[in-house]
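**Q** What TrEMBL records for this protein is below:
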type	residues	note
TRANSMEM	20-40	transmembrane segment
TRANSMEM	60-81	transmembrane segment
TRANSMEM	108-130	transmembrane segment
TRANSMEM	162-186	transmembrane segment
TRANSMEM	198-215	transmembrane segment
TRANSMEM	235-258	transmembrane segment
TRANSMEM	279-299	transmembrane segment
TRANSMEM	319-342	transmembrane segment
TRANSMEM	354-378	transmembrane segment
TRANSMEM	384-410	transmembrane segment
REGION	437-506	region 'Disordered'
COMPBIAS	487-506	compositional bias 'Basic and acidic residues'
Amino acid sequence: MSSPFSLRPSVLLRRAKRLWRQYGIFWLGAIAVGLVAVLYARLIDWGYGEFRMVQQRHVWAPLIITPAVAALAVWLTRTFFRGAEGSGIPQVIATLHSKTGEYGSRLLSFRILFGKIAVSFLAILGGFTIGREGPTVQVGAALMFNLRRLYPRSNALIERQLVLAGAAAGLSAAFNTPLAGIVFAIEELTRSFEARASGVLITAIIIAGVIALGLNGNYTYFGTIQIGVHFPDLLAVAVLLTAIVTGIAGGVFGWLLLNTARWIPAPLRQLHGKRPVAFAALCGFTIALVGLISGGTTFGSGYAEARGLLDGHEQLSLFYPFLKMISMIGSYLPGIPGGIFAPSLAIGAGFGNLLHMVFGSMQLPMLIALAMVGYLAAVTQSPITSFVIVMEMIDGHALVISLMATALIASRVSRFFSPPLYESLAERYMAPLPQPAPAPVPEVPEVEVPAAEKSEADAAENQPHDVVATEVEASTRDVDTEALEQAPDHVDGEPSTSKDPDAPRQ
C-alpha cells in the first residue's frame, strides 16, 4: 500500500505547472518590472544631467535644443509609437476597462514599451517638464501583459490581473513605496478591491519594491522631511488654505488639459491638427523661453528643485509654481511621452514656498509637505494615493491627519473645475475601433425592360400611395364578399339547422 504522501511524477508536474501559472509568472514579471524601473530611472537621471551640463555652459542653447527635440519626439511618437504619448496611466486604465484584449495589444505591446522609454529619454535630453513615474506604470503593465503568452490559454481575466499587477508594481518601484502601489491599484486603476487576486497582486508589488530597494538602497523619493513635534496654532487654517489654493491650481491645470479647444487660439489648433511636428517645435520654444526666464529651474521634472527647497539649499522664485505649470502644459500638449507625478510634486513644493509668506511662523518643510500632497491630489484626484506617497517622505507620523485632510479637500475642490484627469483621458482611448470595410457587393447587370411594361411600371410608381391603397382595399372587399356568397352553408363540417340568422338554435 502506497503512502499518502507519495505522489507520482505526473501529479507533481501538474501541481508545479499550476503553481507556476498562479504565482511564478507574476513573480517573474515583478522582478522584470523592478529591474526595468531602476534602469529607466537611472537613464532619465543621466539624460537630465547631460542637459543641465549643456544648459549651464551655454545658457541660450535650449532655444535650439528643446524645439528640435520636441519636433523629433513628436515625429517618432506619431510615426512609430502611437499609444506611447502622455503619462501612460490613461492607456492602462483603458486596457483594464475594456472587455476584450484589443486595447492591450494596441497600447501595451513591446513596441510601445520601447517607444515609451526611448522617446521620454529623448524628451528629458531636451529639458522637458516630464516625470518618469507615469511611464514606469505603463512600462510595468506592458511587461506583465506580454507574459500572457506563457499561459496555454490566456483569457481576459488573466490579462487584466497581469496588467493591474504590472502597473502597480511599476509605481511601487518608481517611488520605492510598495504601499503606494497597492493603494494606487485599488483607488486609481480599478476603483475596487478584488479579493481573489489580492494576494498575488500584493506579492508582485512587494517584489518589485524589494528589487528597487536592493538596487537603489533604502531611500525616499524626495528625501526625508523633518517635522517637529510642536505644531503651530494656525495649522488648521494652513491646512484649509493650502487645500483650497492647491485644489484650485490643480483643477485649473486639469481643465486646461481637457479643454484645449476652449482656450487655444484657432490658428494654433489648426497648426496642431495639420502640422503637429511644427506645433511641437513651437511648444518646445515656449518651454525653453520659460526656462530662461526662471533661470533654468523649470527644466526637467523638478525633482532637484523640490528636494533642494526641502533641504534648504534652494531659493526659488515666488513665481516658480506658475512658470512650472506653463512648462508642464507645454510639455504635455504636443503628445510627448512623459508623466506628471514628479512635476506636480515640484509645483506643490513651489506653492508651499509661496504660502510661507502667509504662515511665516510655520516650518517651511511642513507647508511644503501639505502643498505637495494637495496639488498632487488635485491633479490626479486620487487623494489616498497622493497621501501615501507624501507620507512616506515624512519623518514620523505626526502630520498624518493634516496630510489626509489636505488631500481630501484639495481633491474635492479640484472636481469643481474638471473631472478626474486620467479617467477622462482614458475615455479617448476607449473610442470604438474602426470596423473592417464590408465585402464588395458584385454588380448585377441591368436587364432591359420592354417599353410598354416600363411605361406601366412608371405609371404605377407615379400614382399617389393613398389612391393605390384605396383600390387594393376595395378589391379585397369585393373578393371577400364573393367568397362569402359562394361559401357552403356549414361550419367545420357541421350543417346548419337554419339559414335564417334570427332563427332560434336547436
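Using N, Cα and C of the backbone, Cβ positions are placed for all residues, glycine too.
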**Q** May I ask for the residues of the chain that lie six or more residues beyond the transmembrane segment (319-342) and have a Cβ under 8 Å from a Cβ within it?
**A** 70, 73-74, 77-78, 81, 84-89, 115-116, 119-120, 123-124, 128-137, 174, 249, 253, 256-257, 260, 272, 276, 279-280, 283-284, 286-287, 290-291, 293-294, 297-299, 301-303, 305, 348, 350-351, 353-354, 376, 379-380, 389
**Q** What residues elsewhere in the chain lie close to the transmembrane segment (198-215), defined as a C-beta under 8 angstroms and at least 6 residues from its ends?
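**A** Non-local partners: 22-23, 26-27, 29-31, 33-35, 37-38, 140, 144, 161, 164-166, 168-170, 172-174, 176-178, 181-182, 185.
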**Q** What else in the chain is close to the transmembrane segment (162-186), if you only count residues 6 or more beyond its ends and a Cβ gap under 8 Å?
**A** 25-26, 29-30, 33-34, 37-38, 41, 89, 92, 95-96, 104, 108, 132-133, 136-145, 147-148, 192-193, 197, 200-202, 204-209, 211-213, 216, 219-221, 341, 382, 384-385, 388-389, 392
**Q** Using Cβ atoms and a strict cutoff of less than 8 Å, what residues sit near the transmembrane segment (108-130) while being 6 or more residues removed from its termini?
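**A** 40, 43-44, 47-48, 50-51, 55, 62, 65-66, 68-70, 72-73, 76-77, 80-81, 83-84, 88, 91-92, 95, 138-139, 141-143, 145-146, 163, 284, 287-288, 291, 298-302, 324, 327-328, 330-331, 336-340, 343.
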**Q** Within the same chain, where does the transmembrane segment (235-258) have neighbours whose Cβ lies under 8 angstroms from its own Cβ atoms, ignoring anything closer than 6 residues to its ends? I mean 6 or more beyond.
**A** 321, 325, 328-329, 332-333, 344, 347-348, 351-352, 355, 358-359, 362, 367, 370-371, 374-379, 381, 402, 405-419, 421, 424-425
